[in-house]
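**Q** These came from TrEMBL, pasted as-is:
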type: ACT_SITE; residues: B:Asp66; note: active site, proton acceptor
type: BINDING; residues: B:His62, B:His64, B:His139, B:Asp209; note: Zn(2+) 1 binding site
type: BINDING; residues: B:Asp66, B:His67, B:Asp209, B:His268; note: Zn(2+) 2 binding site
2 protein chains.
Amino acid sequence: MDLLFLGTSAGVPTKARNVSATALIEASGSHWYLIDCGEGTQHRLLQTPLSIRDLRGIFITHVHGDHCFGLPGLLASAGMSGRTQPLDIILPAALHDWVRLGLTASDTYLPFEVRLLAVESLTDWRSETLQVSTVQLSHRVPSVGFVFTELNPEPRLDVQRLDAEGIPRGPLWGDLAKGLSVEYEGRTLHGRDYLRASRPARRVIVCGDNDNPELLAEAAKGADVMVHEATFTQAVVERTGATFGHSTAAQVARFAEAAGVRNLVLTHFSARYQGDPRRNPCIDDVRVEALAHYSGHLTLAQDLQRYHIGRDGCLVVVG
Amino acid sequence: MDLLFLGTSAGVPTKARNVSATALIEASGSHWYLIDCGEGTQHRLLQTPLSIRDLRGIFITHVHGDHCFGLPGLLASAGMSGRTQPLDIILPAALHDWVRLGLTASDTYLPFEVRLLAVESLTDWRSETLQVSTVQLSHRVPSVGFVFTELNPEPRLDVQRLDAEGIPRGPLWGDLAKGLSVEYEGRTLHGRDYLRASRPARRVIVCGDNDNPELLAEAAKGADVMVHEATFTQAVVERTGATFGHSTAAQVARFAEAAGVRNLVLTHFSARYQGDPRRNPCIDDVRVEALAHYSGHLTLAQDLQRYHIGRDGCLVVVG
C-alpha cells in the first residue's frame, strides 16, 4: 500500500503546496482511493502515474472548501476520460446537493454513475481489498478520520479445516484457493470460507481537520500509519491566540507518542510555514516541535511525495 | 491595458495549460477583471503579480465547468486574503444557486459582498474606467463574448465649453480636471461634464466558446483586440467529424481577416495539441492554419503570458 500526497497546505494553496488531497494506493499498484479533494486535485494528478479511471472511491472528511472544491472538476474530467465504472463518493450530506447542482448547472454529462453516500451514516464501506470506517473528530464543523483496513491480506487455504471436513486435495483446492465456489458431494463450498489472511491487515488512518487528537485513541490502536493535520506550531498559536479548530504539531505528537503510533505523518500546514529554512516561521519548526514529543517514525508530508507502507508496517519514501 | 492569460486549454487542464481564465488589467496596472474562472485559476494567480484584492469584476461566458469551476475556491481565498470591497460576478443565472450553495454548504465566510448579476440581462456594466457589454455567441449552451471599452480615456478639460460658459481659469478648472464637483455662482459644476477623451477608447473583446464567429461582425468593428477560441484545426475536425460547438483556427482567421481585426488572439486549444513541434497534432498546426487565412497580427495565447495593448492599439508581449 502506498500514500501519495496531492495537497498538504491548509486553507489556501501556495506555490509549493496545494490544498488537501491524499491518495491511498492498493498493493496491486493501480486501484486507488482519494481522501479529500481540494481545488486543483485533478491538476496534481497530471503529475502522478495515477489514472482517474482506476479511482475506486472518494472520501471527504468535512465540508470546508479546501477539502472538496476540486470535486466538480475532477468528476467532469473523469467523464471526459471515458470512465464508465460507477464511483462512490462518501461525503457530508450537506455537500450532496452542491455536487449534483454543479453537474446539472454546468451541463456536465458523466458516462458513469456517481453514488453520493453520506459520511454521517457510513459504518462499513468495502472494496474488494479494503474496508473503510470513520472516527468522529472535533473541528469548527463535523469532521471525520477515515480508517482503511486491508481485507484478508494475502489469503491462503485453511488446510486444517479442509482436512477436517474431508475435502480431498486436488483441483478442488485450487479453485477454492482462487476464491471460487465449487460443488462437492452435493454441497456448495465457497472459497471465502476456506481462505485465511496469512499476515496481519495493514491499517492506515487519514484524518480530517481536528483539534482533539485524543478522539483517535481507540482507532490508533494497531494502526500502522496515522496521517493527521498539524496546521500550527505552539509558538504561532501562542502569538495569535487562535487555533480555528486545528491542532498543533506538539499536540498531535504527544498523542501519537502516548498511543504508540508507529508512523505519524503530519500534513495540512498553514501557508505561513515557509519551505526556506532561513524564513520564519518555516516548515522545519513543525518538525522540531513534533520531534520533541514523539519518538516514532515522523514524516512531514510533501506534495507529490509517495510513501510505501511495507507488509511489516514500515513507511518508506518511494522514488 | 494588458491581457494576462491564466488558462488556455479547452475542457481539461494539461501539464502546460490550465482551463479557461483571462485577466484584463487596467492601464493603471493594479485593478483588473477576470474573464472565466476555470478550476485552478487561483493557483495560476499565485504565479502572477495580480492580487485578488484588486479584482474589480468577474465575467463568466457560459456554464461549462472548465469556465467556472474555479469560482468557489477563488472566492474563499479572496475572503481569507482579507478583501472587503464588494465584488460583482456577471455569470449565467443557472450558476447563481450553485455559487451560493457552494459558499453556504462549505461554511465559507466572506468578509465582502458578492453581487451575482445575470449575464443574460447585462447591457451596460461599468467600473470607473471601463464599460462592459456582451455579444451573443453560438455554442452547445448559451455563450457570450464580453466587450471591454475604455471610458473617457485620458480625459482633458473641454476648454472651449468652459470659455463659452464663462467659467474663469484658475483653481476651479483644476478641480474640474480632477473630476470633482465645484460650486460656482450658485451652480454645481461636475467635472465629468467638462472632461473629454483625448484619444480613441481601446476596445477588447474576450469571447466564450463559439462555433459562429460571424456573430461578432458588429462588435469586431473598431475593436483593437479579439480573443477567440480555436479549439480545433480543420484537419482534426475532418478526421473526427465533430466540433462540439467549437471553432477551427481557419474559421476564426477567415472571419478576423474579413472583419479587419487588427489583433487576433487565439486560445482554448484542445488538449490534443502538443507543445512539442515534433508531436502530431501540435500547437504549431493551429498557427499555420490561422496564418493561411489571416494577415493581421496573430497571437496564440500561452498560460502566464502577458500582452500589452498600447494606446495605438498595438499588442506586444510583456517581459
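Heads up, the Cβ atoms here are built off N, Cα and C, so glycines get one too.
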**Q** Neighbourhood of the Zn(2+) 1 site (B:His62, B:His64, B:His139, B:Asp209): other residues with Cβ within 8 Å of the Cβ centroid, in order?
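**A** Not counting the recorded site residues, we get B:Thr61, B:Val63, B:His67, B:Leu137, B:Arg140, B:Val141, B:Ser143, B:Gly208, B:Asn210, B:Gly245.
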**Q** Measuring Cα to Cα, how many angstrom lie between B:His139 (Zn(2+) 1 binding site) and B:His67 (Zn(2+) 2 binding site)?
**A** 13
**Q** Just counting, how many other CB atoms are there within 10 A of the CB of B:His139 (Zn(2+) 1 binding site)?
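**A** B:His139 (Zn(2+) 1 binding site): 21 neighbouring Cβ atoms within 10 Å.
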**Q** Taking 8 Å from the centroid of the Cβ atoms of B:Asp66, B:His67, B:Asp209, B:His268 as the cut-off, which other residues in that chain fall inside it around the Zn(2+) 2 site?
**A** B:Ala10, B:Gly11, B:Val19, B:Ser20, B:Asp36, B:Gly38, B:Thr61, B:His62, B:His64, B:Gly208, B:Glu229
**Q** Among the binding-site residues B:His62, B:His64, B:His139, B:Asp209, B:His268, say which ones reach under 8 Å of chain A by Cβ distance, listed as they appear in sequence.
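**A** From B:His62, B:His64, B:His139, B:Asp209, B:His268, flagged as close to A: B:His64.
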**Q** Take the Cβ of B:His268 (Zn(2+) 2 binding site) and count every other Cβ within 10 Å, whichever protein chain it belongs to.
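**A** Result for B:His268 (Zn(2+) 2 binding site): 28 other Cβ atoms within 10 Å.
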**Q** What does DSSP call B:His62 (Zn(2+) 1 binding site) in the simple three-state scheme?
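**A** Its secondary structure by DSSP: coil.
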**Q** Take the C-alpha atoms of B:His64 (Zn(2+) 1 binding site) and B:His268 (Zn(2+) 2 binding site) and report the distance between them in angstrom, rounded.
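**A** That separation, Cα to Cα, works out to 13 Å.
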